[in-house]
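Among the features that Swiss-Prot reports, disulfide bond is placed at C21-C43, C40-C121. Per Swiss-Prot, domain 'Ig-like C2-type' is recorded for 22-150. Positions annotated as N-linked glycosylation site by Swiss-Prot, on the basis of sequence analysis: N93, N110, N114, N135. The annotation signal peptide is assigned in Swiss-Prot to 1-18 on the grounds of similarity to another entry. Per Swiss-Prot, the feature topological domain 'Extracellular' maps to 19-157. Here Swiss-Prot flags 180-218 as topological domain 'Cytoplasmic', drawing on a curator's inference.
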Amino acid sequence: MGTLLAFVVGAALVSSAWGGCVEVDSETEAVYGMTFKILCISCKRRSETNAETFTEWTFRQKGTEEFVKILRYENEVLQLEEDERFEGRVVWNGSRGTKDLQDLSIFITNVTYNHSGDYECHVYRLLFFDNYEHNTSVVKKIHLEVVDKANRDMASIVSEIMMYVLIVVLTIWLVAEMVYCYKKIAAATEAAAQENASEYLAITSESKENCTGVQVAE
């Protein structure tokens, strides 16, 4: 159920899709002490175009004013900045085995309240064309709140309510079908019994007439 909900909510957040790549907004609520994935997906407009991409992530802690760089990922190498808030907690979860990065997501393990704030995923892409090269840059912004326990979103609540309504409706329909079938079978059985009784009376009457005819003949 959770997997299905997670899929429905993700599909609803789709912003664009080019050449099989789908851009999905990141979740924005992390639970204290748990692992949280911050999504950063940047699709190319043309999948057939060769490209090289690298990313830099910056962070502004809640209550502060300046962004600080926390990591850089380029040529399959993750370079982490010295920041005790993220030391031993950041794991690369984006594209692997390619320089053409489109998924630039990260994991933060053992989330703390110090991780609440604004994240920026800076995407730098070099596109290779036949006669020239072209640089592009995109910034994905994510605001993250850290809470004590997970809050159920409205989609989850509505989905669960609809599930229970569907169960009730199906149960009522099933009971109605069973009652209908029972009445139909009972009516057919009663009709067959009446028909058999009529045939029995007809046979009995005919037998009596035959017996009377035999007696008269004697």
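Using N, Cα and C of the backbone, Cβ positions are placed for all residues, glycine too.
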May I ask you to report the DSSP-based helix, strand or coil state of N135 (N-linked glycosylation site)?
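In the DSSP reduction, N135 (N-linked glycosylation site) maps to strand.
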Cβ distance under 8 Å to N110 (N-linked glycosylation site), same chain, sequence separation 6 or more: which residues?
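Those within reach of N110 (N-linked glycosylation site), by Cβ under 8 Å and sequence separation of 6 or more, are G33, M34, T35, R89.
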Give the distance between the Cα atoms of C21 (disulfide bond) and C121 (disulfide bond), rounded to the nearest whole Å.
17
Between C21, C40, C43, C121, which of the disulfide-bonded residues has the fewest other CB atoms within 10 angstroms in the structure shown?
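Each of the disulfide-bonded residues C21, C40, C43, C121 was scored by Cβ atoms within 10 Å; lowest is C21.
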Report the nearest neighbour of N114 (N-linked glycosylation site) in space among the recorded positions C43, N93, C121, N135, comparing Cα positions.
C121
Which chain-mates of N93 (N-linked glycosylation site) that are at least 6 residues away have a CB under 8 A from its CB, listed by sequence?
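Set apart from N93 (N-linked glycosylation site) by at least 6 residues yet with Cβ under 8 Å, we have K37, D103, S105, I106, F107.
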How many whole Å apart are the CA atoms of C40 (disulfide bond) and N135 (N-linked glycosylation site)?
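So the Cα of N135 (N-linked glycosylation site) lies 19 Å away from that of C40 (disulfide bond).
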Quick one: of N114, N135, which of the glycosylation sites has the smallest count of other CB atoms within 10 A?
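Least crowded of the glycosylation sites N114, N135, by Cβ count within 10 Å, is N135.
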Can you give me the Cα-Cα distance between N135 (N-linked glycosylation site) and C121 (disulfide bond) in Å, rounded to a whole number?
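Taking the Cα atoms only, N135 (N-linked glycosylation site) lies 17 Å from C121 (disulfide bond).
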Roughly where does the topological domain 'Cytoplasmic' (180-218) sit in mean pLDDT, to the nearest integer?
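Looking only at the topological domain 'Cytoplasmic' (180-218), pLDDT averages out to 70.
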